[in-house]
């Protein structure tokens, strides 16, 4: 510790320092004394070391605490000295230092007192700890003595334990020996018990034997007694008999005896008698023995002789017994089989009865369902009639609009003709041709309608004969036929008046527009409303008139067909058209004979009629009827379906609604793909052939132009068709069973359609021989008939035939030939959901129709909104380009060129809409 001079000079500080030193000495002394006072004992080294450690800890703690306190006090002194030295004045500084020193001294004294108390406390604890250490040392000494005693006891106990174990082993051996002895004794005991039981059983048996023997003895005694009695009785009897005999003898020899008596004794006489009797008895005995011996010998001989027979008899008996047992066993088995068979028979009878009842129930249910379907057919016919009425009204309105449009068009054409000479010059000849063609075609329209109604009536009559329900249906169909005839006649008359101006422009386009005409009428009419362009409306109206002409030409008599052929005489295929018509007539006759099959097809047609009516466009029913090759089948008349081309599609109408749905949308009355397909293939034969011939004269390029022109309206139709199919597939699903029945007639219908196709392909295919060959092959194959324009079309038809979509392809190809590739696009969309553009491209050849056909986009468009129209417009724009290329070459040809121009402008407008 460091102390300043000031602090040492100060007496109070010196006093404090000395006190701290003295306290330090005390503190340091106390531990030393405590350390010395510890008692050392000669215990175990562990105890000594522990006590030493504990004794050393306390003084060290005390010493360290004392040192800390001294250091603190020194610090305090240094601080106080610094305060004293740092004072400003001698007087004030001294007072302050004194007051501070007092406070510091008080604090230090308090701390010192606390340290002293702590030291006393620690000394007390050291004493207690030393006492504990001493006690522990004593305990350790006592524990050592106890350990020796315990060890001795443990040794003794171990010895005793070993002895006990030895004794235990000996006892265990003894117990084992005893157990063996016990086991052995048990065995002996059991054996003795068995012997005792055996002896007791023998005793019981002997007792029984004794009892039996005693009984036998008693019986024998009784027999002996009875025999003795019998012997006595026999003796008495014998004696009596002897006495009697003697009496008799004596009586007979009385005199003699009397004499003898006098001489002999009775005893001698008795002896003589006895001797005589004995001699007689001996003789009798000998005789009996001899007889017995002889008899016995004879019997033994007979027995020996019969032994063999007896043995054989015994063997036979044994054999018979064995056979009897086997037969009895067989009998039991046969009885079991009989019972099982009877049970099976009863089960089979029960099952048969149950099945019979179930079949009867199913038959009843089917009959009820048949009645219900017939009533539904009647209801659908009524709905169909109502829709036809609506259609006729709409046709009238369309005709009125057409007149207005024609008037405007004539004014526009006159105005344009004054400006552009060549175009004006082309129009007048076109109007002449249209006037000539339309009246011829429209007149057959009425006839075609009559034929369609009559066929329905005949088929329904056949059904009436079968059931009363069918009679009701026939009545309904007759009423419908009358109303349809009237309405159709009115519509036909109006159409005949109106389409003259339209045919002037559309004369060359009749063939491409024919198949799509019904659809073009409705759907292009909607386009006209949306776009507000009169040019497309005129095209739609022209298509309507063309379709009406087609339907009329097909259903007219041979005279009307001859007229159509004269008109078609301009082309090279007039003979082919006549042949196709003759084939159609033959098919009509064959189908009239097949009334039963027609009835089924009539049901199908009836079911399909309401569907046709349901579709928004009413144009198709009239056109379909006109287009269908006369009464080939109600399906063809109603559906005009190339669906019959492959029965797969009819069946697939419900499962594969893609084609039926879109096709239905294409034509309101179209039953499904049937109408669209029928529209293209069937009507081509009479009227379309003429139109196609005219087109052939113009060239295939013109046909392609017309196809392109129609692609836009057809695409718009596709949109509507896609919307309509949603409701149609459900109807077809319900009608699918009835449609499947009509498959047989459908095949015949396809043949007629094939004939038409062949005619058309021949007309168009004279420049192209390959197309004709493919169409002929398609007529044979069924699915390859219609794809004839190019080799690619044939291959595509085959692919579609696998999917049940051949009908769509056939229609598409036919339409592309005469009416434009627009149909192919629509139907391709319906069936495959894929682009049929490759087929169209191949058909187009060098005209770049590939750009026009994009069927996938058509499928995506389900609404009639501007989006779907825009996509179709894009196609029409490409068509416009193609048309422009051909316009230069074919301007001299009829209004087709003019219509191409109109379509071009319309397509351009649509293109602008798309870009927006």
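Even glycines carry a Cβ here, placed using N, Cα and C.
Straight from Swiss-Prot, the features:
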COMPBIAS  21-44  compositional bias 'Low complexity'
MOD_RES   42  omega-N-methylarginine
CARBOHYD  47  O-linked glycosylation site
MOD_RES   99  phosphoserine
MOD_RES   226  phosphoserine
REGION    288-291  region 'Linker 2'
MOD_RES   346  phosphoserine
MOD_RES   418  phosphoserine
CARBOHYD  431  O-linked glycosylation site
MOD_RES   483  phosphoserine
MOD_RES   511  phosphoserine
MOD_RES   553  phosphoserine
MOD_RES   558  phosphoserine
REPEAT    614-626  repeat '1'
REPEAT    627-639  repeat '2'
REPEAT    640-652  repeat '3'
MOD_RES   646  phosphoserine
REPEAT    653-665  repeat '4'
REPEAT    666-678  repeat '5'
REPEAT    679-691  repeat '6'
MOD_RES   680  phosphoserine
MOD_RES   736  phosphoserine
MOD_RES   783  phosphoserine
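Locations of recorded Swiss-Prot features on the structure.
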| residue | record | Cβ contacts under 8 Å, 6 or more apart |
| --- | --- | --- |
| 99 | phosphoserine | none |
| 226 | phosphoserine | none |
| 346 | phosphoserine | none |
| 483 | phosphoserine | 385, 388, 389 |
Secondary structure content, the region 'Linker 2' (288-291) (per DSSP, counts of residues): 4 helix, 0 strand, 0 coil
Could you find out if DSSP has residue 346 (phosphoserine) as helix, strand or coil? helix
Averaging pLDDT over all residues of the repeat '5' (666-678) gives 37
